Amino acid sequence: MAAHEILAATNAVVTLDVALPGIVWPWLVTVNTWAKSIGTGVIFMLFMLLRMYPAQSEKLRLPTAIVAFVFINIFLLFTLADLHQPLRMWHIFVYSHFTSAIAIGSFMASGFLGLLTLLVFLGWKKNYEAYDKVLFWTTLLAIPVTLYTAALLSQCTARELWQMPAESAQMILAALLSGAAAMILLSGNKLTYEAKQTLGVVLGLSALMAFIIYMSEYVFGPMKAEEVAATLEYIKGDGPYTVMFWLGQWMTYILPMLLIVLSRASKSESLLKLAAILSLVGLYLVKHVWLMIPQLLPMS
């Protein structure tokens, strides 16, 4: 072999396809998405209630703004904790790369938090006219803030389970479900039974639609791609997440739907509150399973 051929061979660039070393996005990201669903969801529900039941909802302005403020801060805190270099997070704002959902979402979430801070102040001052004007823009911004995590998931390489259309729908439905559940628990005696039943309808319909999407993926997903079929094996049979998956489906969707139907038949607020509690707890399980199982699949 000639000397120049040996030299060329030693300079070859070799690319290795290796499996992921483990879970890249842990439970921190689950808390992130769960808290954000509640933070934006209660804003959606307050906007609806103020238009349907303005007199009853008047006293919910400040408590709702505080709850949204707290949960969005939890969302941002766990986002920061999950970064590989949290102390350099300011680079996202100073050296922004707007082809990434992270950069776009960071600006939107920061703006959303600013509006929530203003809502808390206006609610405390009881300046309801200004509050309602700010609430309109806060509700509009809550939509892309809710959706951007779906864009982030869809940008992941070789993650067939995380598709933008389905994940966008699930993010919005999770916000409506958790927002309605949180408002049922938060409202106490401030809302009439009729108003709470309206929240129950939102919760029940959101649960139904989300459950249909999950079951569609569960049944028909394997027909779409081999990667989806392999991923869903983790929640079938003796899969490591089978129990958690079905526990989440029952707690978040199936039982709350049944309880809401029984609540309407018996006019029981206790059943409505139980449905709200189950859906909030179960939503964490559902989010966690759907986040974990695609990361278990070796990419090699």
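The backbone N, Cα and C atoms fix where each Cβ goes, glycine too.
Automated prediction, rather than curation, is the source of TrEMBL annotations.
The annotation transmembrane segment is assigned in TrEMBL to 7-28, 34-50, 62-81, 101-122, 134-153, 168-186, 198-221, 241-262, 274-293.
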### Task
Determine which residues of the chain contact the transmembrane segment (134-153) at the Cβ level, with the cut-off under 8 Å and only residues 6 or more beyond its ends counted.
32-33, 36-37, 40, 43-44, 46-47, 50, 101-102, 104-105, 108-109, 111-112, 115-116, 118-119, 122, 159, 162, 164, 167-168, 170-172, 175
### Message
Test of understanding: applying the rule of at least three C-beta pairs under 8 Å (pairs 6 or more apart in sequence), is the transmembrane segment (101-122) touching the transmembrane segment (274-293)?
### Response
no
### Task
Output the single range from 34-50, 62-81, 198-221, 241-262 maximising the number of Cβ pairs under 8 Å to the transmembrane segment (101-122).
62-81
### Message
Cβ pairs under 8 Å only, please: of the recorded stretches 34-50, 168-186, 198-221, 241-262, which one is richest in them relative to the transmembrane segment (62-81)?
### Response
34-50
### Task
May I ask for the residues of the chain that lie six or more residues beyond the transmembrane segment (198-221) and have a Cβ under 8 Å from a Cβ within it?
45, 48-49, 52-53, 161, 166, 169-170, 173-174, 176-177, 179-181, 183-184, 187, 191, 228-229, 232, 235, 249, 252-254, 256-257, 260-261, 263-264, 272, 275-276, 279, 286
### Long-range environment of the transmembrane segment (241-262) - Cβ separation under 8 angstroms, sequence gap at least 6
177, 181, 200-201, 203-204, 207-208, 210-211, 214, 234-235, 268, 271-272, 274-276, 278-279, 281-286, 288-289, 292-293
